[in-house]
Amino acid sequence: MKLSYIFKGLWNTFKNILPITTLMLFIQLFIFKKPMKNIKTFTLGVILSTLGLFLFIEGTNLFLLPLGESVGRNLILLKNKWFIILLVFGIGFCTTLVEPALTALAMEVDEISIGSISKNFLMYTVACGFGTGLSIGICKILFNIKTSKIVIPLFIISTILLFLAPEEIIGIAIDCASSTTGPVNIPLNLTIALGLSKVIENSDPLLNAFGIVGLTSIGPIIFVLLLGIITK
């Protein structure tokens, strides 16, 4: 990897975080009219954020994306479609547990609910929902099912559960769905779907592979709402 490539990547990453950094500084200094308490810490934070994002993006391009597509292409060699679906569920479950956003959300819910909704229980519930959503998405590819035939019933189920679940769990369910669409899940699982779709005969990756992210978001909503209904 050439130094010119590294410096160019760092500069592009810095330009990406510059707007939000500038906006937050403007709000702090000119709207709230409060000075920055520690300029050195702030500057160090910007530098580390730039470096961290650059390294993560490069790591994703070098590791997660090629690995995901390779796994997707080779899944079809297993022959047994139901074993493929089970294996994909396991992948979705495990990748969800390492999502930093979900961990942070689960900790907040645990603290605010005074332990009535424990961190680990919520994380495992969301991981099951994500894995199920990913498995449904892979079913869509394997059996060439139209996206609308899957999404509409899932939306109907979600809507019914919204009326049955306790009010306090609804917001948590929606936020849990958002927390799963993070830097690990999306690159890995989307490329798995794309890789699988590319090697299946008469499968169009544009039609079959995309939509997986949406399905993996619906799964956690349904599972967390069910958790609320069962435990209320």
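Including glycine, each Cβ sits where the backbone N, Cα and C put it.
Listed in TrEMBL:
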type	residues	note
TRANSMEM	12-32	transmembrane segment
TRANSMEM	44-68	transmembrane segment
TRANSMEM	80-101	transmembrane segment
TRANSMEM	121-143	transmembrane segment
TRANSMEM	150-174	transmembrane segment
TRANSMEM	206-230	transmembrane segment
* Taking the transmembrane segment (80-101) as the reference, which of 12-32, 121-143, 150-174, 206-230 gives the largest number of Cβ pairs under 8 angstroms? -> 121-143
* For the transmembrane segment (150-174), sequence-distant contacts whose Cβ falls under 8 Å of one of its Cβ atoms, 6 or more beyond its ends -> 109, 117, 122, 136, 139-140, 211, 214-215, 218, 220-222, 224-229, 232
